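Inspection log for the structure reproduced underneath, given as structure tokens.
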Amino acid sequence: MLDSKLLRTELDETAEKLARRGFKLDVETLRNLEEQRKSLQVKTEELQAQRNSRSKSIGQAKAKGDHEEADRIMADVANLGSELDEAKAALAELQQQIEDIALSVPNIPDDSVPLGKDENENVEVLRWGTPLAYDFEVKDHVDLGEMADGLDFASAVKISGSRFIVMKGQFARLHRALSQFMLDLHTEEHGYTEMYVPYLVNPDSLFGTGQLPKFGEDLFHTSPLTEQVSDVPLKKLSLIPTAEVPVTNMVRDTITDEADMPLKMTAHTPCFRSEAGSYGRDTRGLIRMHQFDKVELVQITRPEDSMAALEELTGHAEKVLQLLELPYRKVVLCTGDMGFGSRKTYDLEVWVPAQETYREISSCSNMWDFQARRMQARFRRKGEKKPELVHTLNGSGLAVGRTMVAILENFQQADGKIAIPQVLRKYMNGVEFIG
């Protein structure tokens, strides 16, 4: 969430910056609530001071033996206490209203982010590799996978429903090989620490990274199937939409030493998304699934280092595509296409031959102090007593299923077989072709 000071002392300027991303901040409501809050804050402090002053008089009256006066003062103190409780309750309600509004406000775009309404106004900054020209009819990954009996959508529908997949044999092995290759690259060459994390998380974790309260419908939530058998309250958990959630929450409510920064963590996990707003989109194939695997990259940095870290992290995701020899382009998202908590985002889009277009395969974002403020994730500089908020960054390095799509389609042969990229062959026991 944004610094509350921005909504108090720089309200108009903040509204202008948010308008760049198409968000209309309710300035008048916030201004009125803030005026009421200030008034109630003053009233509360005055009542507190009056009650404290009158309370001291009780002992003085008793010391003089004037018990009648002491009783009158005690009655006054009780009345002041009731007024104070009412004022505190009203103040808490006002503060909650202000916080509810603040939680619905997205991050402020960085000045370097291009102005735009939607994905059509994103700006391409780099293109790597050249799409192949095929002398045969290109098949999509669904046809290629079903021809080889490696992708079984029918069984997945029977087991779970639409937007799920069963992979078999060498296709399942290729999926595993991709995950292993990505993890090895990021841990051995890029300096990340591998993490194994829970796939079920509590509401506090989802609040910390910004999925709650605004995006609850995009998640899969669990409900206990059995009756409560102890005094421990049953907690509602949710399946992770991305490893960003558990990995970033590692620093929630902690203070990190400056000497230990940056923290660089990676995790391979399944991800679960309801795709509530994607009805009718990408209904064929592996592009948009309820369950998919992803290797996530997370960095925790000092504020002054985060923009350079975004370039580095994005470069780490790009390296995966380059080693796999997959043509891609890099775009910076415009203000109207940015994620809720992002300050600046790069998307990497891989070439998909059957669609004759580039499709997103990684999104790398600098969240600034937006998540850190929610999580109270801080660090302490050497020689300083007061801790500061960290900056958090995350990105896909990469989405495994979409990387499968790209390999199947870009490396297809005229006979329907798939050539295995050179860097993956050691993970495939030397196999050069599948299908």
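Positions of Cβ are set from backbone N, Cα and C atoms, glycine also.
Neighbour list (E244 (L-serine binding site), Cβ cut-off 8 Å, at least 6 residues apart, same chain): T209, E296, V298, N394. Here Swiss-Prot flags T242, A243, E244, E296, S396 as L-serine binding site.
According to Swiss-Prot, the feature ATP binding site maps to R273, S274, E275, E360, I361, S362, S363, an assignment based on sequence analysis. Note: E360 (ATP binding site) has non-local neighbours D347, L348, E349, R402, i.e. same-chain residues 6+ apart with C-beta under 8 A of its own C-beta.
Residues of the same chain lying 6 or more positions beyond the ends of the compositional bias 'Polar residues' (49-58) and with a Cβ under 8 Å from any Cβ of it are 70, 73-74, 76-77, 80-81, 84. Here Swiss-Prot flags 49-58 as compositional bias 'Polar residues'.
Summarising the annotation, Swiss-Prot assigns region 'Disordered' to 41-70.
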Note to self: Can you give me the residues near the recorded L-serine site, meaning same chain, not T242, A243, E244, E296, S396 themselves, Cβ no more than 8 Å from the center of the site's Cβ atoms?
What the structure shows: V245, V247, A267, T269, C271, K294, V295, L297, V298, N394, G395
Next item on the list: By CA-CA distance, flag whichever of T242, A243, S396 among the binding-site residues is nearest to R273 (ATP binding site).
Entry: T242
Check: Looking at Cβ-Cβ distances, which residues of the chain lie under 8 angstroms from S274 (ATP binding site) while being 6 or more apart from it?
Finding: E217, D218, L219, F220, H290
Next item on the list: Report the same-chain neighbours of T242 (L-serine binding site): residues 6+ apart in sequence with Cβ closer than 8 Å to its Cβ, ordered by sequence.
Entry: T269, C271, K294, E296, N394, S396
Check: Is any of the binding-site residues E275, I361, S362, S363 within 10 Å of A243 (L-serine binding site) (Cα-Cα), and if so, which, in sequence order?
Finding: none
Next item on the list: Please classify the secondary structure at E244 (L-serine binding site) using three-state DSSP.
Entry: helix
